[in-house]
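These notes are about the structure you will find just below.
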Amino acid sequence: MASSGVDYVNTSTPFDDKKPDYKKEGYDDEERPDSISIKRGDATQRKLKPRHIQLIGIGGTIGTALYVQIGRGLINGGPASLFIAFTLWCSFILAVTLCMAEMVTYLPISSPFIRFAGRYVDDAFGVAAGWNFFVFEAMLVPFEIVACNVIIHYWSDAVPAGGIISIVIVLYGLINLLAVKWYGESEFWAALGKVLLIIGLIIYTFITMLGGNPKHDRFGFRYWVDPGSFTELYYEGHLGRFLGFLQCLILASFTVAGPDYVSMAAGEAENPRVVMPRAYNSVFYRLTAFFVLGSLCVGINVPFNDAELIAAFKDGKPGAAASPYVVAMNRLSIQVLPDIVNAMVLASAFSAGNSYVYCASRSLYGLALEGKAPRFLTRCTRQGVPIYCVLVVLVLALLSFLQLSENSAVVLQWFVNLVTASQLINFCVMCFTFIRFKKACDAQRLNRNTLPYKSFGQPFAAYYGLTGCFVMTFVGGYPVFLKGQWDLPTFLFSYMMIFVFPVLYIGWKLIKKTKFKSPMEVDLYQDLEEIEEYTKNFVPTPDKNAVDRWFNKIFS
(Lines of atoms letter the chains of each structure in order from A and count residues from 1; the text may use other names and numbers.)
(Lines give C-alpha, C1' and ligand atoms only; values in the text may rest on other atoms or scores of the structure.)
Protein backbone atom coordinates (compact mmCIF):
# COMPACT_ATOMS: atom_id res chain seq x y z
CA MET A 1 0.00 0.00 0.00
CA ALA A 2 1.19 3.51 -0.78
CA SER A 3 2.69 5.68 1.87
CA SER A 4 0.50 8.52 3.11
CA GLY A 5 3.21 11.05 3.82
CA VAL A 6 4.64 11.78 0.39
CA ASP A 7 4.40 15.35 -0.86
CA TYR A 8 6.49 14.99 -3.98
CA VAL A 9 7.64 12.47 -6.54
CA ASN A 10 11.23 11.53 -5.95
CA THR A 11 12.76 11.43 -9.42
CA SER A 12 16.04 10.06 -8.17
CA THR A 13 16.54 6.31 -8.01
CA PRO A 14 18.68 4.01 -5.86
CA PHE A 15 20.44 2.70 -8.91
CA ASP A 16 24.00 3.41 -9.86
CA ASP A 17 24.49 6.45 -12.05
CA LYS A 18 26.86 4.56 -14.31
CA LYS A 19 25.17 3.48 -17.53
CA PRO A 20 26.06 -0.07 -18.54
CA ASP A 21 28.03 -0.84 -21.67
CA TYR A 22 25.53 -3.01 -23.46
CA LYS A 23 27.78 -3.77 -26.42
CA LYS A 24 30.32 -5.37 -24.09
CA GLU A 25 27.54 -7.49 -22.66
CA GLY A 26 26.62 -8.81 -26.09
CA TYR A 27 23.55 -6.74 -26.97
CA ASP A 28 23.11 -4.85 -30.20
CA ASP A 29 21.30 -1.51 -30.52
CA GLU A 30 17.95 -3.20 -31.18
CA GLU A 31 18.10 -5.54 -28.16
CA ARG A 32 19.57 -3.35 -25.42
CA PRO A 33 17.84 -3.81 -22.06
CA ASP A 34 16.84 -0.14 -22.04
CA SER A 35 14.62 -0.83 -25.07
CA ILE A 36 12.66 -3.40 -23.09
CA SER A 37 9.62 -2.54 -21.00
CA ILE A 38 11.00 -3.20 -17.57
CA LYS A 39 7.89 -4.11 -15.66
CA ARG A 40 8.31 -7.66 -14.43
CA GLY A 41 6.32 -10.06 -16.61
CA ASP A 42 5.96 -7.54 -19.46
CA ALA A 43 8.07 -8.67 -22.43
CA THR A 44 7.09 -5.93 -24.88
CA GLN A 45 9.94 -3.72 -26.10
CA ARG A 46 10.32 0.06 -26.24
CA LYS A 47 11.18 0.62 -29.90
CA LEU A 48 8.56 3.11 -31.06
CA LYS A 49 10.13 6.47 -31.81
CA PRO A 50 8.40 9.87 -31.43
CA ARG A 51 7.32 9.93 -35.07
CA HIS A 52 5.74 6.48 -34.67
CA ILE A 53 3.81 7.55 -31.58
CA GLN A 54 2.53 10.73 -33.22
CA LEU A 55 1.35 9.04 -36.41
CA ILE A 56 -0.10 6.00 -34.64
CA GLY A 57 -2.24 8.42 -32.63
CA ILE A 58 -3.41 10.19 -35.77
CA GLY A 59 -3.62 7.12 -38.01
CA GLY A 60 -5.75 5.08 -35.64
CA THR A 61 -8.38 7.80 -35.42
CA ILE A 62 -8.71 8.69 -39.09
CA GLY A 63 -10.65 5.97 -40.89
CA THR A 64 -13.33 5.90 -43.56
CA ALA A 65 -15.81 7.80 -41.38
CA LEU A 66 -14.05 11.15 -41.89
CA TYR A 67 -14.15 10.82 -45.68
CA VAL A 68 -17.31 8.83 -46.41
CA GLN A 69 -19.77 8.34 -43.54
CA ILE A 70 -19.55 11.99 -42.58
CA GLY A 71 -21.84 12.56 -45.59
CA ARG A 72 -24.66 10.81 -43.73
CA GLY A 73 -24.34 13.44 -40.98
CA LEU A 74 -24.67 16.21 -43.57
CA ILE A 75 -27.88 14.65 -44.92
CA ASN A 76 -29.36 14.21 -41.44
CA GLY A 77 -28.50 17.58 -39.88
CA GLY A 78 -27.22 20.05 -42.46
CA PRO A 79 -23.84 21.85 -42.60
CA ALA A 80 -24.21 23.97 -39.45
CA SER A 81 -25.37 21.04 -37.30
CA LEU A 82 -22.46 18.96 -38.57
CA PHE A 83 -19.88 21.66 -37.84
CA ILE A 84 -21.27 22.54 -34.40
CA ALA A 85 -21.56 18.86 -33.41
CA PHE A 86 -17.96 18.03 -34.34
CA THR A 87 -16.65 21.17 -32.64
CA LEU A 88 -18.61 20.43 -29.46
CA TRP A 89 -17.55 16.80 -29.38
CA CYS A 90 -13.88 17.73 -29.73
CA SER A 91 -14.20 19.64 -26.44
CA PHE A 92 -15.24 16.40 -24.72
CA ILE A 93 -12.33 14.57 -26.34
CA LEU A 94 -9.98 17.28 -25.00
CA ALA A 95 -11.25 16.60 -21.48
CA VAL A 96 -10.68 12.85 -21.90
CA THR A 97 -7.21 13.45 -23.37
CA LEU A 98 -6.20 15.64 -20.42
CA CYS A 99 -7.15 12.87 -18.01
CA MET A 100 -5.19 10.18 -19.81
CA ALA A 101 -2.16 12.39 -20.50
CA GLU A 102 -1.48 13.00 -16.81
CA MET A 103 -1.85 9.37 -15.74
CA VAL A 104 -0.01 7.76 -18.64
CA THR A 105 3.00 10.09 -18.60
CA TYR A 106 3.33 9.37 -14.87
CA LEU A 107 3.25 5.59 -15.43
CA PRO A 108 3.75 4.74 -19.14
CA ILE A 109 3.03 1.01 -18.98
CA SER A 110 1.39 -1.45 -21.38
CA SER A 111 -2.42 -1.14 -21.71
CA PRO A 112 -2.38 1.75 -19.25
CA PHE A 113 -5.95 2.91 -18.85
CA ILE A 114 -7.23 -0.66 -18.50
CA ARG A 115 -4.75 -1.41 -15.73
CA PHE A 116 -5.23 1.99 -14.08
CA ALA A 117 -8.96 1.26 -13.82
CA GLY A 118 -8.16 -1.80 -11.74
CA ARG A 119 -5.47 -0.10 -9.65
CA TYR A 120 -7.19 3.20 -8.88
CA VAL A 121 -10.86 2.16 -8.74
CA ASP A 122 -11.58 -1.56 -8.33
CA ASP A 123 -10.14 -4.74 -9.84
CA ALA A 124 -13.60 -5.64 -11.12
CA PHE A 125 -13.86 -2.20 -12.77
CA GLY A 126 -10.56 -2.90 -14.54
CA VAL A 127 -11.85 -6.25 -15.81
CA ALA A 128 -15.03 -4.68 -17.21
CA ALA A 129 -13.07 -1.78 -18.75
CA GLY A 130 -10.48 -4.10 -20.27
CA TRP A 131 -12.90 -6.50 -21.90
CA ASN A 132 -15.09 -3.63 -23.11
CA PHE A 133 -12.08 -1.98 -24.76
CA PHE A 134 -10.98 -5.27 -26.26
CA VAL A 135 -14.43 -5.88 -27.78
CA PHE A 136 -14.46 -2.30 -29.08
CA GLU A 137 -11.08 -2.58 -30.82
CA ALA A 138 -11.57 -6.17 -31.99
CA MET A 139 -14.93 -5.36 -33.63
CA LEU A 140 -13.44 -2.38 -35.45
CA VAL A 141 -11.07 -4.75 -37.27
CA PRO A 142 -13.81 -6.53 -39.28
CA PHE A 143 -15.51 -3.13 -39.76
CA GLU A 144 -12.46 -1.77 -41.59
CA ILE A 145 -11.93 -5.06 -43.48
CA VAL A 146 -15.48 -4.89 -44.82
CA ALA A 147 -14.86 -1.21 -45.64
CA CYS A 148 -11.70 -2.16 -47.59
CA ASN A 149 -13.70 -4.69 -49.61
CA VAL A 150 -16.47 -2.18 -50.36
CA ILE A 151 -13.95 0.47 -51.41
CA ILE A 152 -12.12 -1.87 -53.80
CA HIS A 153 -15.43 -2.73 -55.48
CA TYR A 154 -15.74 0.96 -56.39
CA TRP A 155 -13.52 0.11 -59.35
CA SER A 156 -14.44 -3.50 -60.17
CA ASP A 157 -16.29 -6.58 -58.96
CA ALA A 158 -13.78 -8.91 -60.61
CA VAL A 159 -12.19 -9.97 -57.30
CA PRO A 160 -14.65 -11.83 -55.05
CA ALA A 161 -15.35 -10.39 -51.61
CA GLY A 162 -14.01 -13.49 -49.87
CA GLY A 163 -10.67 -13.15 -51.64
CA ILE A 164 -10.22 -9.50 -50.66
CA ILE A 165 -11.17 -10.18 -47.04
CA SER A 166 -8.69 -13.07 -46.85
CA ILE A 167 -5.85 -10.99 -48.32
CA VAL A 168 -6.45 -8.13 -45.87
CA ILE A 169 -6.49 -10.47 -42.86
CA VAL A 170 -3.23 -12.13 -43.99
CA LEU A 171 -1.57 -8.73 -44.43
CA TYR A 172 -2.67 -7.64 -40.95
CA GLY A 173 -1.20 -10.84 -39.57
CA LEU A 174 2.14 -10.37 -41.29
CA ILE A 175 2.48 -6.74 -40.20
CA ASN A 176 1.47 -7.34 -36.57
CA LEU A 177 3.42 -10.55 -36.05
CA LEU A 178 6.66 -8.89 -37.09
CA ALA A 179 8.69 -6.85 -34.61
CA VAL A 180 6.90 -3.83 -33.16
CA LYS A 181 9.32 -1.50 -34.96
CA TRP A 182 7.98 -2.82 -38.30
CA TYR A 183 4.41 -2.25 -37.18
CA GLY A 184 5.39 1.27 -36.17
CA GLU A 185 7.13 1.87 -39.48
CA SER A 186 4.25 0.59 -41.63
CA GLU A 187 1.71 2.55 -39.60
CA PHE A 188 3.83 5.69 -39.80
CA TRP A 189 3.77 5.75 -43.61
CA ALA A 190 0.11 4.75 -43.88
CA ALA A 191 -0.91 7.42 -41.36
CA LEU A 192 1.19 9.99 -43.17
CA GLY A 193 -0.88 9.24 -46.28
CA LYS A 194 -4.08 9.88 -44.30
CA VAL A 195 -2.78 13.21 -43.09
CA LEU A 196 -1.83 14.25 -46.61
CA LEU A 197 -5.28 13.21 -47.87
CA ILE A 198 -7.28 15.28 -45.37
CA ILE A 199 -4.95 18.25 -45.83
CA GLY A 200 -5.33 17.88 -49.60
CA LEU A 201 -9.12 17.81 -49.32
CA ILE A 202 -9.14 20.92 -47.12
CA ILE A 203 -6.96 22.73 -49.67
CA TYR A 204 -9.20 21.41 -52.49
CA THR A 205 -12.25 22.87 -50.72
CA PHE A 206 -10.60 26.29 -50.30
CA ILE A 207 -9.55 26.47 -53.95
CA THR A 208 -12.82 25.26 -55.48
CA MET A 209 -15.06 27.42 -53.27
CA LEU A 210 -13.19 30.48 -54.55
CA GLY A 211 -13.79 29.52 -58.17
CA GLY A 212 -10.79 27.31 -58.90
CA ASN A 213 -12.80 24.61 -60.67
CA PRO A 214 -13.69 23.67 -64.29
CA LYS A 215 -16.97 25.60 -64.07
CA HIS A 216 -15.32 28.68 -62.51
CA ASP A 217 -18.18 28.66 -60.00
CA ARG A 218 -17.30 30.81 -56.96
CA PHE A 219 -19.82 29.11 -54.68
CA GLY A 220 -18.34 29.96 -51.25
CA PHE A 221 -20.88 29.27 -48.49
CA ARG A 222 -23.79 29.16 -50.92
CA TYR A 223 -25.12 25.84 -49.61
CA TRP A 224 -25.37 27.24 -46.08
CA VAL A 225 -27.99 29.66 -47.46
CA ASP A 226 -29.67 27.49 -50.09
CA PRO A 227 -30.92 24.92 -49.09
CA GLY A 228 -29.87 26.13 -45.61
CA SER A 229 -27.67 25.54 -42.59
CA PHE A 230 -30.00 23.12 -40.75
CA THR A 231 -32.32 20.38 -41.89
CA GLU A 232 -35.09 18.48 -40.17
CA LEU A 233 -34.99 14.80 -39.22
CA TYR A 234 -38.00 12.61 -38.31
CA TYR A 235 -40.13 15.65 -37.33
CA GLU A 236 -40.74 19.16 -38.63
CA GLY A 237 -39.82 22.40 -36.91
CA HIS A 238 -37.44 22.92 -33.99
CA LEU A 239 -37.70 19.32 -32.79
CA GLY A 240 -36.72 18.02 -36.22
CA ARG A 241 -33.72 20.35 -36.43
CA PHE A 242 -32.63 19.34 -32.91
CA LEU A 243 -32.84 15.65 -33.79
CA GLY A 244 -30.78 16.37 -36.92
CA PHE A 245 -28.11 18.00 -34.74
CA LEU A 246 -28.28 15.08 -32.30
CA GLN A 247 -27.69 12.63 -35.15
CA CYS A 248 -24.60 14.65 -36.15
CA LEU A 249 -23.36 14.53 -32.54
CA ILE A 250 -23.78 10.74 -32.50
CA LEU A 251 -21.79 10.55 -35.73
CA ALA A 252 -19.07 12.73 -34.19
CA SER A 253 -18.90 10.45 -31.13
CA PHE A 254 -18.15 7.53 -33.46
CA THR A 255 -15.85 9.40 -35.85
CA VAL A 256 -13.65 11.41 -33.45
CA ALA A 257 -11.57 8.98 -31.43
CA GLY A 258 -9.81 9.86 -28.22
CA PRO A 259 -6.39 9.28 -26.69
CA ASP A 260 -6.74 5.48 -26.71
CA TYR A 261 -4.26 4.87 -29.53
CA VAL A 262 -1.49 7.05 -28.13
CA SER A 263 -2.05 5.53 -24.68
CA MET A 264 -1.88 1.93 -25.86
CA ALA A 265 1.56 2.56 -27.34
CA ALA A 266 2.96 3.95 -24.05
CA GLY A 267 4.45 0.62 -22.99
CA GLU A 268 6.42 0.34 -26.24
CA ALA A 269 7.48 3.98 -26.66
CA GLU A 270 11.10 5.08 -26.39
CA ASN A 271 11.68 7.51 -23.51
CA PRO A 272 7.91 7.82 -22.84
CA ARG A 273 8.10 10.51 -20.16
CA VAL A 274 9.51 12.88 -22.75
CA VAL A 275 7.69 11.61 -25.84
CA MET A 276 4.16 11.04 -24.47
CA PRO A 277 3.38 14.60 -23.20
CA ARG A 278 4.30 16.01 -26.62
CA ALA A 279 2.26 13.32 -28.33
CA TYR A 280 -0.87 14.05 -26.31
CA ASN A 281 -0.60 17.78 -26.93
CA SER A 282 0.11 17.69 -30.64
CA VAL A 283 -2.14 14.78 -31.57
CA PHE A 284 -5.19 16.39 -29.99
CA TYR A 285 -4.70 19.72 -31.75
CA ARG A 286 -3.98 18.08 -35.10
CA LEU A 287 -7.03 15.84 -34.82
CA THR A 288 -9.21 18.77 -33.82
CA ALA A 289 -8.01 20.68 -36.86
CA PHE A 290 -8.68 17.70 -39.13
CA PHE A 291 -12.14 16.86 -37.78
CA VAL A 292 -13.45 20.38 -37.21
CA LEU A 293 -12.14 21.69 -40.53
CA GLY A 294 -13.17 18.45 -42.24
CA SER A 295 -16.77 18.81 -41.05
CA LEU A 296 -16.76 22.45 -42.22
CA CYS A 297 -15.45 21.49 -45.66
CA VAL A 298 -18.13 18.85 -46.17
CA GLY A 299 -20.87 21.45 -45.62
CA ILE A 300 -19.18 23.84 -48.04
CA ASN A 301 -18.77 21.29 -50.84
CA VAL A 302 -22.21 19.72 -51.05
CA PRO A 303 -25.79 20.74 -50.13
CA PHE A 304 -27.55 18.41 -47.70
CA ASN A 305 -30.28 17.68 -50.26
CA ASP A 306 -27.91 16.62 -53.06
CA ALA A 307 -29.66 13.82 -54.97
CA GLU A 308 -26.43 11.92 -55.78
CA LEU A 309 -25.26 11.93 -52.14
CA ILE A 310 -28.65 10.78 -50.84
CA ALA A 311 -28.84 8.04 -53.47
CA ALA A 312 -25.31 6.87 -52.65
CA PHE A 313 -26.26 6.18 -49.01
CA LYS A 314 -29.73 4.91 -49.83
CA ASP A 315 -28.49 2.47 -52.49
CA GLY A 316 -25.32 1.52 -50.60
CA LYS A 317 -22.95 2.48 -53.41
CA PRO A 318 -19.43 1.11 -52.92
CA GLY A 319 -16.29 2.93 -51.91
CA ALA A 320 -15.97 6.67 -52.11
CA ALA A 321 -19.09 6.95 -54.26
CA ALA A 322 -20.81 8.05 -51.06
CA SER A 323 -18.07 10.50 -50.12
CA PRO A 324 -19.26 14.11 -50.17
CA TYR A 325 -15.89 15.05 -51.66
CA VAL A 326 -16.38 12.69 -54.62
CA VAL A 327 -19.94 13.96 -55.05
CA ALA A 328 -18.61 17.53 -55.06
CA MET A 329 -16.02 16.62 -57.70
CA ASN A 330 -18.73 15.08 -59.87
CA ARG A 331 -20.87 18.22 -59.48
CA LEU A 332 -17.94 20.29 -60.77
CA SER A 333 -17.09 17.80 -63.58
CA ILE A 334 -13.62 17.12 -62.13
CA GLN A 335 -11.97 14.00 -63.55
CA VAL A 336 -9.30 11.63 -62.10
CA LEU A 337 -9.44 13.09 -58.57
CA PRO A 338 -12.32 10.78 -57.50
CA ASP A 339 -10.13 7.74 -58.24
CA ILE A 340 -7.23 9.24 -56.31
CA VAL A 341 -9.50 9.95 -53.34
CA ASN A 342 -10.83 6.39 -53.43
CA ALA A 343 -7.31 4.96 -53.45
CA MET A 344 -6.33 7.12 -50.48
CA VAL A 345 -9.52 6.21 -48.61
CA LEU A 346 -8.62 2.55 -49.17
CA ALA A 347 -5.20 3.14 -47.63
CA SER A 348 -6.91 4.97 -44.77
CA ALA A 349 -9.27 2.07 -44.05
CA PHE A 350 -6.43 -0.47 -44.22
CA SER A 351 -4.26 1.60 -41.88
CA ALA A 352 -7.09 2.06 -39.36
CA GLY A 353 -7.72 -1.69 -39.31
CA ASN A 354 -4.00 -2.25 -38.76
CA SER A 355 -4.08 0.06 -35.73
CA TYR A 356 -7.11 -1.74 -34.33
CA VAL A 357 -5.33 -5.12 -34.54
CA TYR A 358 -2.43 -3.57 -32.61
CA CYS A 359 -4.60 -1.94 -29.93
CA ALA A 360 -6.90 -4.95 -29.50
CA SER A 361 -3.97 -7.34 -29.09
CA ARG A 362 -2.25 -5.01 -26.59
CA SER A 363 -5.42 -4.59 -24.54
CA LEU A 364 -5.83 -8.36 -24.35
CA TYR A 365 -2.15 -8.63 -23.40
CA GLY A 366 -2.68 -6.11 -20.61
CA LEU A 367 -5.60 -8.13 -19.27
CA ALA A 368 -3.47 -11.27 -19.30
CA LEU A 369 -0.62 -9.52 -17.45
CA GLU A 370 -3.07 -8.56 -14.72
CA GLY A 371 -4.44 -12.12 -14.46
CA LYS A 372 -7.80 -11.15 -15.99
CA ALA A 373 -7.34 -13.20 -19.16
CA PRO A 374 -5.69 -16.63 -19.69
CA ARG A 375 -2.01 -16.59 -18.71
CA PHE A 376 -0.79 -18.12 -21.99
CA LEU A 377 -1.71 -14.85 -23.71
CA THR A 378 1.28 -13.16 -22.03
CA ARG A 379 3.73 -15.07 -24.21
CA CYS A 380 5.72 -12.83 -26.57
CA THR A 381 8.07 -13.55 -29.45
CA ARG A 382 11.74 -12.57 -29.23
CA GLN A 383 10.75 -9.35 -31.02
CA GLY A 384 8.33 -8.46 -28.20
CA VAL A 385 5.09 -9.28 -30.04
CA PRO A 386 2.30 -10.90 -27.94
CA ILE A 387 1.74 -13.59 -30.54
CA TYR A 388 -1.31 -15.34 -29.10
CA CYS A 389 -3.10 -12.04 -28.50
CA VAL A 390 -2.57 -11.06 -32.14
CA LEU A 391 -3.85 -14.46 -33.30
CA VAL A 392 -7.01 -14.13 -31.18
CA VAL A 393 -7.77 -10.74 -32.79
CA LEU A 394 -7.18 -12.16 -36.28
CA VAL A 395 -9.59 -15.02 -35.54
CA LEU A 396 -12.26 -12.48 -34.53
CA ALA A 397 -11.53 -10.61 -37.76
CA LEU A 398 -13.06 -13.60 -39.57
CA LEU A 399 -16.44 -12.07 -38.64
CA SER A 400 -15.91 -9.88 -41.70
CA PHE A 401 -16.96 -12.91 -43.77
CA LEU A 402 -20.52 -12.17 -42.59
CA GLN A 403 -20.60 -9.87 -45.60
CA LEU A 404 -20.79 -12.90 -47.86
CA SER A 405 -24.32 -13.64 -46.63
CA GLU A 406 -25.53 -10.11 -45.88
CA ASN A 407 -25.54 -6.70 -47.56
CA SER A 408 -22.24 -4.94 -46.79
CA ALA A 409 -24.02 -1.76 -45.64
CA VAL A 410 -26.00 -3.81 -43.09
CA VAL A 411 -22.85 -5.50 -41.75
CA LEU A 412 -21.04 -2.16 -41.48
CA GLN A 413 -23.93 -0.66 -39.53
CA TRP A 414 -23.94 -3.63 -37.14
CA PHE A 415 -20.32 -2.99 -36.25
CA VAL A 416 -20.83 0.80 -36.01
CA ASN A 417 -23.74 0.40 -33.56
CA LEU A 418 -21.80 -2.07 -31.44
CA VAL A 419 -18.56 -0.11 -31.13
CA THR A 420 -19.98 3.40 -30.66
CA ALA A 421 -21.39 2.59 -27.21
CA SER A 422 -18.19 0.71 -26.30
CA GLN A 423 -16.05 3.71 -27.24
CA LEU A 424 -18.15 6.05 -25.11
CA ILE A 425 -17.95 3.64 -22.17
CA ASN A 426 -14.15 3.66 -22.59
CA PHE A 427 -14.12 7.45 -22.36
CA CYS A 428 -16.29 7.33 -19.22
CA VAL A 429 -13.87 4.83 -17.69
CA MET A 430 -10.88 7.09 -18.43
CA CYS A 431 -12.51 10.14 -16.83
CA PHE A 432 -13.77 8.29 -13.76
CA THR A 433 -10.40 6.59 -13.28
CA PHE A 434 -8.70 9.99 -13.33
CA ILE A 435 -11.13 11.32 -10.73
CA ARG A 436 -10.15 8.46 -8.42
CA PHE A 437 -6.45 8.97 -9.27
CA LYS A 438 -6.65 12.65 -8.29
CA LYS A 439 -8.47 11.81 -5.06
CA ALA A 440 -5.68 9.35 -4.23
CA CYS A 441 -3.01 11.96 -5.01
CA ASP A 442 -4.73 14.47 -2.73
CA ALA A 443 -5.24 11.97 0.08
CA GLN A 444 -1.64 10.71 -0.06
CA ARG A 445 -0.21 14.21 -0.49
CA LEU A 446 1.40 13.44 -3.83
CA ASN A 447 2.07 16.88 -5.32
CA ARG A 448 0.73 16.81 -8.91
CA ASN A 449 2.95 19.77 -9.79
CA THR A 450 5.91 17.37 -9.69
CA LEU A 451 4.41 14.96 -12.22
CA PRO A 452 5.88 14.81 -15.75
CA TYR A 453 2.61 16.25 -17.07
CA LYS A 454 -0.08 18.06 -15.09
CA SER A 455 -3.38 18.60 -16.90
CA PHE A 456 -5.25 21.86 -16.46
CA GLY A 457 -8.81 22.44 -15.30
CA GLN A 458 -8.98 19.35 -13.11
CA PRO A 459 -11.12 17.80 -11.77
CA PHE A 460 -13.71 19.88 -13.69
CA ALA A 461 -12.43 18.68 -17.06
CA ALA A 462 -12.80 15.06 -15.92
CA TYR A 463 -16.37 15.63 -14.73
CA TYR A 464 -17.19 17.48 -17.98
CA GLY A 465 -15.85 14.62 -20.11
CA LEU A 466 -17.56 11.99 -17.94
CA THR A 467 -20.93 13.73 -18.11
CA GLY A 468 -20.88 14.25 -21.87
CA CYS A 469 -19.72 10.72 -22.69
CA PHE A 470 -22.13 9.11 -20.19
CA VAL A 471 -25.14 10.93 -21.65
CA MET A 472 -24.14 10.12 -25.25
CA THR A 473 -23.74 6.44 -24.37
CA PHE A 474 -27.51 6.22 -23.86
CA VAL A 475 -28.47 8.67 -26.62
CA GLY A 476 -26.74 6.73 -29.42
CA GLY A 477 -29.63 4.41 -30.25
CA TYR A 478 -32.48 6.87 -29.62
CA PRO A 479 -34.10 6.53 -33.09
CA VAL A 480 -35.42 3.05 -32.22
CA PHE A 481 -37.67 4.63 -29.57
CA LEU A 482 -39.34 7.02 -32.02
CA LYS A 483 -42.76 6.12 -33.36
CA GLY A 484 -42.49 3.65 -36.21
CA GLN A 485 -38.68 3.33 -35.93
CA TRP A 486 -38.38 0.23 -33.68
CA ASP A 487 -35.78 -2.27 -34.92
CA LEU A 488 -34.59 -5.11 -32.65
CA PRO A 489 -31.10 -5.62 -34.19
CA THR A 490 -30.39 -1.87 -34.00
CA PHE A 491 -31.51 -1.81 -30.35
CA LEU A 492 -29.37 -4.82 -29.42
CA PHE A 493 -26.22 -3.59 -31.18
CA SER A 494 -26.66 -0.05 -29.79
CA TYR A 495 -27.14 -1.05 -26.17
CA MET A 496 -25.54 -4.48 -25.82
CA MET A 497 -22.30 -3.26 -24.21
CA ILE A 498 -24.24 -0.98 -21.83
CA PHE A 499 -25.74 -4.16 -20.34
CA VAL A 500 -22.59 -6.30 -20.67
CA PHE A 501 -20.32 -3.82 -18.82
CA PRO A 502 -22.17 -3.92 -15.45
CA VAL A 503 -22.60 -7.70 -15.79
CA LEU A 504 -18.81 -8.08 -16.13
CA TYR A 505 -18.21 -5.70 -13.22
CA ILE A 506 -20.71 -7.28 -10.82
CA GLY A 507 -19.83 -10.81 -11.90
CA TRP A 508 -16.08 -10.41 -11.29
CA LYS A 509 -16.75 -8.54 -8.04
CA LEU A 510 -18.91 -11.36 -6.69
CA ILE A 511 -16.57 -14.13 -7.84
CA LYS A 512 -13.30 -12.52 -6.70
CA LYS A 513 -14.82 -10.46 -3.85
CA THR A 514 -12.95 -7.34 -4.93
CA LYS A 515 -13.20 -4.05 -3.06
CA PHE A 516 -13.83 -0.51 -4.27
CA LYS A 517 -10.57 1.20 -3.27
CA SER A 518 -10.52 4.20 -1.00
CA PRO A 519 -8.04 6.99 -1.88
CA MET A 520 -5.63 5.79 0.84
CA GLU A 521 -5.74 2.19 -0.42
CA VAL A 522 -4.70 3.08 -3.98
CA ASP A 523 -1.10 2.14 -4.80
CA LEU A 524 0.28 5.10 -6.75
CA TYR A 525 3.83 3.75 -6.83
CA GLN A 526 3.54 0.31 -8.39
CA ASP A 527 5.97 0.16 -11.37
CA LEU A 528 7.25 3.67 -10.61
CA GLU A 529 10.76 2.55 -9.65
CA GLU A 530 11.16 0.57 -12.87
CA ILE A 531 9.94 3.48 -15.01
CA GLU A 532 12.37 5.86 -13.33
CA GLU A 533 15.21 3.38 -13.76
CA TYR A 534 14.45 3.14 -17.48
CA THR A 535 14.24 6.94 -17.81
CA LYS A 536 17.53 7.43 -16.00
CA ASN A 537 19.39 4.82 -18.08
CA PHE A 538 17.80 5.69 -21.42
CA VAL A 539 20.25 6.13 -24.29
CA PRO A 540 18.69 7.33 -27.57
CA THR A 541 19.26 5.05 -30.54
CA PRO A 542 20.89 7.01 -33.36
CA ASP A 543 18.87 7.87 -36.45
CA LYS A 544 19.64 5.55 -39.34
CA ASN A 545 19.70 8.23 -42.02
CA ALA A 546 18.86 11.85 -42.81
CA VAL A 547 15.23 11.06 -43.67
CA ASP A 548 14.75 9.29 -40.33
CA ARG A 549 16.32 12.25 -38.52
CA TRP A 550 14.14 14.73 -40.39
CA PHE A 551 10.87 12.93 -39.59
CA ASN A 552 11.81 12.39 -35.95
CA LYS A 553 12.53 16.11 -35.62
CA ILE A 554 9.22 17.12 -37.20
CA PHE A 555 7.13 14.72 -35.11
CA SER A 556 9.03 14.98 -31.82
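Backbone N, Cα and C define each Cβ position, glycine as well.
Transmembrane segment is the annotation TrEMBL gives to one range among 53-70, 251-268, and that range is 53-70.
Only residues 6 or more beyond the boundaries of the transmembrane segment (283-304), in the same chain, are considered here, and those with a CB under 8 A from a CB of the stretch are 54, 57-58, 61-62, 66, 70-71, 73-75, 77-80, 82-83, 85-87, 90, 93-94, 97, 195, 198, 201-202, 205, 208-209, 220-221, 223-224, 226-228, 231, 252, 255-257, 259, 262, 324-325, 327-328, 331.
Annotation: stretch 82-109 has the most Cβ pairs under 8 Å to the transmembrane segment (414-435), among 82-109, 158-179, 385-402. Packing against the transmembrane segment (130-152) from elsewhere in the chain are residues 63-64, 111, 113-115, 117-118, 159, 161, 164-165, 168-169, 172, 260, 318-320, 342, 345-346, 349-350, 352-353, 356-357, 359-360, 363-364, 366-367, 370, 372-373, 393, 396-400, 402-403, 408, 411-412, 415-416, 418-419, 422-423, 425-426, 429, 497, 500-501, 504: each is 6 or more residues past its ends and has a CB under 8 Å from a CB in it. Highest Cβ contact count with the transmembrane segment (191-212) among the listed stretches 340-359, 385-402, 456-480, 492-511 falls to 340-359 (criterion: pairs under 8 Å). Beyond the transmembrane segment (340-359), the same-chain residues lying 6 or more positions past its ends with a Cβ under 8 Å from any Cβ of the stretch are 56, 59-60, 62-64, 66-68, 137-138, 140-141, 143-145, 147-148, 151-152, 154-155, 168, 171-172, 175-176, 183, 186-187, 190-191, 193-194, 196-197, 201, 260-261, 264, 319-320, 323, 325-326, 329, 390, 393-394, 397.
Stretch with the largest number of CB pairs closer than 8 A to the transmembrane segment (158-179), among 82-109, 385-402, 492-511: 385-402.
Counting residues 6+ beyond its ends, the transmembrane segment (385-402) has Cβ neighbours under 8 Å at 43-44, 137-139, 141-142, 145-146, 149, 162, 165, 168-169, 172-173, 176-180, 357, 360-362, 364-365, 368, 376-379, 411, 414 in the same chain.
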